[in-house]
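Let me begin by presenting the structure, written as structure tokens, before commenting on it.
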Amino acid sequence: MFKPKMVLIDVDGTLVDSVPDLAFCVDEMMKQLDMPVRGETAVRQWVGNGVQRLVERGLTNDLDGMPETALFERAMPIFMDLYAENTSKRSRLYDGVLEGLDYLQNCKGLKVGCVTNKAAQFTHPLLQDLGIFDRFEIVISGDTLPEKKPHPLPLLHAADALGVKPEESLMLGDSKSDVKAARAAGFQIICMTYGYNHGEDIRNYAPDAVIDSMAELSNLISCT
Ligand SMILES: O=C(O)COP(=O)(O)O
Ligand SMILES: [Mg+2]
């Protein structure tokens, strides 16, 4: 059993299946640029490193791609406008999320926060529209601090803000960025099997535990 005093939870691929909206926006952006659409399967591999990286990957059709600066500068405002209008229309909480949050929130003294690489202007409305914004004592987005995951700063900042030591803290995520950030911060890390890890099995990154649903948290996290 894990006995953390704080749990930080990732958004895309952990709490929210956000790819339908992100893929819609990538493809609409591509259409406006007179370029080929990429489709949901490709976009699913590209989520997790923030909006800028997603746009770069979409433009190049490549996880590691870097577009020409002029093209990127034309594309970015198009994507930002589209995603502002399509932040939550097609996005859904995964099964088990509400049960998992209920369990954590009924653990006396356990602090629950949110750490995502999604920009704050999208994170807040998305969590609000899905009815879970108020569940978190702190919400740290990709542009809240000078560094985002896999850097440990957002995790360490949350621990400091909530008065918890890193060794008493646990991250719940879906990608290698979550595992790397947690390891660098000295947190424990549990990962979801269903998330977006650039098409790779998250078990390859050796998180402390892997689960299929947040409803399983009651078997893994002790409240006492
Ligand atoms: O890539 C993003 O914008 C966000 O991804 P995350 O919520 O999994 O950190
Ligand atoms: Mg994620």
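Heads up, residue numbers simply count up from 1 along the chain you see.
Glycine is no exception: its Cβ is also placed from the backbone N, Cα and C atoms.
Unlike curated entries, TrEMBL annotations are predicted automatically.
Taken from TrEMBL, the feature active site, nucleophile applies to D10. For D10, D12, D174, the entry in TrEMBL reads Mg(2+) binding site.
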Residues within 8 Å of the D10, D12, D174 Cβ centre (excluding the Mg(2+) site residues themselves): V11, G13, T14, L15, V16, G48, T116, G173, S175, D178, M192, G195, Y196
CB contacts for D174 (Mg(2+) binding site) [other CB atoms within 10 A, all chains]: 25
Cβ contacts of D10 (active site, nucleophile) (under 8 Å, same chain, 6 or more positions away): C114, V115, T116, K149, M171, L172, G173, D174, S175, D178, G195
Number of Cβ atoms other than its own within 10 Å, given for D12 (Mg(2+) binding site): 24
